[in-house]
Amino acid sequence: MTVETPDFVMPDFSLALPEIWMLVMACVVLVVDLYSQDSRRGMTFMLTQFTLVVAGVLAIVAHWGEPAVTFSGTYVSDNLAAVLKVAIAGLGFLSFAYCRDYLEDRGLLKGEYFVLGLFSLLGMMIMASAHNLMTVYLGLELLALTLYAMVAFNRDNLRATEAAMKYFVLGAIASGILLYGMSLIYGATGSLNLAEVAVYAGEQGANDWLLLLGMTLVVVGVAFKFGAVPFHTWMPDVYQGAPTTVALFASTAPKVAAVALFVRLLSEGLGPIHDQWQPMIILLAVASLVVGNLAALAQTNIKRMLAYSTASHVGFILLGFIAGTAEGYSTALFYAITYGIMSAGAFGLIILLSHRGFEAENISDFKGLNDRSPAMALMMLLLMFSMTGIPGTVGFYAKWLVIKSVVDVGLVWLAVFAVVFAVIGAFYYLRVLKFVYFDKPETDAPPQTGSPAMRGLLVANGIAVLLLGIFPDSLISACMAAFGVSYG
């Protein structure tokens, strides 16, 4: 008796060039840092930034064009992967650019920080090209484990270690829920391949309680990673307790990676049973809009305020998924990318006003910023206006597009609800500007600090928010093309 074995197909490694490059360079950065003196830590930083620039270029070269699947169907190369990875690399570059002065001032400028960041970004890129449940989980855990370590990076800070422990425990529970959901999906469908899961879901998924239970657990696990209410409880403590640079990092690229997670699992894997998971996403979106905005109103710590406002922005991103259309998914991606840019600038201003022994964490620390630095006050105005959704900024287009996506599918009540809470959310953003422009600086307020490079980066960030608001077409077109939709 002869047993036939399937023919081995050599994987196309060229499709995974961004991940291979990131993996190799993360190891190179570690080795270079190992043999570098403290006075030459800048070399590690420059090498990290070079790695991300090349990774973004490789993502376009490797993925833009016809879709392809390799590594036995576990890895997909398509336009969506290209856009996601360019956004992840770009936001990672921006996050590291903001962190150098902060880390150097506090004696934390070590190669391990950049290595952890690169491995975290590698996990996000793996998620962006995942075509298999195990590949999704592999990328997600690589992201999560490195973020836990980054939160606790300042080991002498008790708040940071406490926040890292909370994040780790809650993250482990969420990972277990997600993995259990994936195992139920595998038990129902007999496959880990997302394309095969979609075929089964289309044929009899709506009547298979095992698949529906697995779907429910997967949504819960993904909602935690995204920071959607009521699975957002880790965010305020992590944002407040972690070094500000880590809070900046966690609020930017991982949100784009969460969009990748939603798209690959819910759209591609469980898309045929959209009617079953849509009500869950509606509940998550509504809860995020309500709790995120109302809780942010009561905050005096600006990092906690930004954490709760992140939950409200997640609610807006979820509106795009509720639509269940390619246009809706593309607007969610556009929102996540633009939110990452806005959030980086907001945390960047906190970093600018902070120095060794003083963290500008309270909203009152921004009193009289206009008197101390009119240029930085203007950047704060642009960022807060954009987060509010004032016309002329990119935040307005992001909100308008996701709201339009739910109107297009007949959920007008949800669109009105989102607009109402967007107006409520404007209060705490405008309150920050009240401190910046109308309050006098306290006598013991520290002077506006930061290197010329740091101030230049903030100016560029603010201008980007303004220019993307005036000329949003290129970014919108790229997000639409990622889902095969033409814009215009």
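Including glycine, each Cβ sits where the backbone N, Cα and C put it.
Pulled from Swiss-Prot:
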- 15-35: transmembrane segment (TRANSMEM)
- 42-62: transmembrane segment (TRANSMEM)
- 108-128: transmembrane segment (TRANSMEM)
- 133-153: transmembrane segment (TRANSMEM)
- 168-188: transmembrane segment (TRANSMEM)
- 209-229: transmembrane segment (TRANSMEM)
- 243-263: transmembrane segment (TRANSMEM)
- 305-325: transmembrane segment (TRANSMEM)
- 333-353: transmembrane segment (TRANSMEM)
- 376-396: transmembrane segment (TRANSMEM)
- 409-429: transmembrane segment (TRANSMEM)
- 456-476: transmembrane segment (TRANSMEM)
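Only pairs six or more apart in sequence are counted, and the transmembrane segment (133-153) with the transmembrane segment (15-35) gives fewer than three Cβ pairs under 8 Å, not enough to call it a contact. Here the transmembrane segment (333-353) does not lie next to the transmembrane segment (209-229) in space: the count of CB pairs under 8 Å, restricted to residues six or more apart, is fewer than 3. Contact check: the transmembrane segment (108-128) against the transmembrane segment (15-35) gives at least three Cβ pairs closer than 8 Å, residues 6 or more apart, which meets the contact criterion. Annotation: stretch 42-62 has the most Cβ pairs under 8 Å to the transmembrane segment (15-35), among 42-62, 376-396, 456-476. Residues 309, 313, 338-339, 341-342, 345-346, 349, 352, 366, 369-370, 422, 425-426, 429-430, 432-433, 436-437, 448, 455, 458-459, 461-462, 465-466, 468-470, 472 of the same chain sit 6 or more residues outside the transmembrane segment (376-396) yet have a Cβ under 8 Å from a Cβ within it.
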